[in-house]
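Trainee: The structure is given below, and queries will be raised subsequently.
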Amino acid sequence: MKNLVVVDHPLIKHKLTIMRDKNTGPKEFRELLREITLLLAYEATRHLKCEEVEVETPITKTIGYRINDKDVVVVPILRAGLVMADGILELLPNASVGHIGIYRDPETLQAVEYYAKLPPLNDDKEVFLLDPMLATGVSSVKAIEILKENGAKKITLVALIAAPEGVEAVERKYKDVKIYVAALDERLNDHGYIIPGLGDAGDRLFRTK
């Protein structure tokens, strides 16, 4: 798992523990997901390049640094990734936003694309793919495939919780994709849920169960 970075921080551990609690309601769950994504983004964006700019302080002129966030593309996987996008956009408000919709066929267990709306992608764009739960890796692998087919070269996957099986699936297919997570959990159960995990993130976010 050489491409995996587990962001080890007391704030993340604290907030993630509250999210795992089955008694945490959807409002707090959404807020915590946004906050943790913001903290993950601090590390996941560390490789972004800065350009020198001249600024004038109240006292004198000096050289500062600026990220060209117009070269950043944020792509949540629908639907649970939507809340994560808000966290990154707080830091990079001028980033473009794309959306990818994927579901898993219950018969074949293969990922099926049902929606994709992406801004123009090229070698210079820094793409951040967002999905709270990296479980089997099927959805993430399919989303990366879609991004690459549309011209993306620099892709970073940001997830809340990952299972070893999901990380290995992504690394096996795409060795150039870095993965940032808040926690690496034990394993998947027979139904493809992460153990201990936090349940179905989409259902808990949008109260659909």
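Here the Cβ of each residue, glycine as well, is placed from N, Cα and C on the backbone.
Feature list, courtesy of Swiss-Prot:
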BINDING   Arg79, Arg104, Asp131, Pro132, Met133, Leu134, Ala135, Thr136, Gly137, Val138, Ser139, Asp200  5-phospho-alpha-D-ribose 1-diphosphate binding site
BINDING   Ile194, Gly199, Asp200, Ala201  uracil binding site
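Looking at the shown structure, can you explain where the listed features end up?
Mentor: Taking a C-beta cut-off of under 8 Å and a sequence gap of six or more, Gly137 (5-phospho-alpha-D-ribose 1-diphosphate binding site) has these contacts in its own chain: Glu165, Gly166, Val167, Glu168, Ala169, Val170.
Every protein chain considered, the tally of other Cβ atoms within 10 Å of the Cβ of Ile194 (uracil binding site) stands at 26.
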Trainee: Cα distance, Asp200 (uracil binding site) to Ser139 (5-phospho-alpha-D-ribose 1-diphosphate binding site), nearest Å?
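Mentor: Rounded to a whole number, the Cα-Cα distance is 14 Å.
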Trainee: Near Asp200 (uracil binding site), which of the binding-site residues Arg79, Asp131, Met133 can be found within 10 Å, Cα to Cα?
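Mentor: Hits: Met133.
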Trainee: Between Met133 (5-phospho-alpha-D-ribose 1-diphosphate binding site) and Ala201 (uracil binding site), what is the CA-CA distance rounded to a whole number of Å?
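Mentor: With the alpha carbons as reference points, the distance is 7 Å.
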Trainee: Given a 10 Å Cβ-Cβ cut-off, pick out the one of the binding-site residues Asp131, Asp200 that has the most other Cβ atoms nearby.
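Mentor: It comes out as Asp131.
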Trainee: Among the binding-site residues Arg79, Met133, Ala135, Ala201, which residue has its Cβ surrounded by the fewest other Cβ atoms within 10 Å?
Mentor: Arg79
Trainee: Restricting the comparison to the binding-site residues Ile194, Gly199, Ala201, which residue's C-alpha is spatially nearest the C-alpha of Asp131 (5-phospho-alpha-D-ribose 1-diphosphate binding site)?
Mentor: Ala201
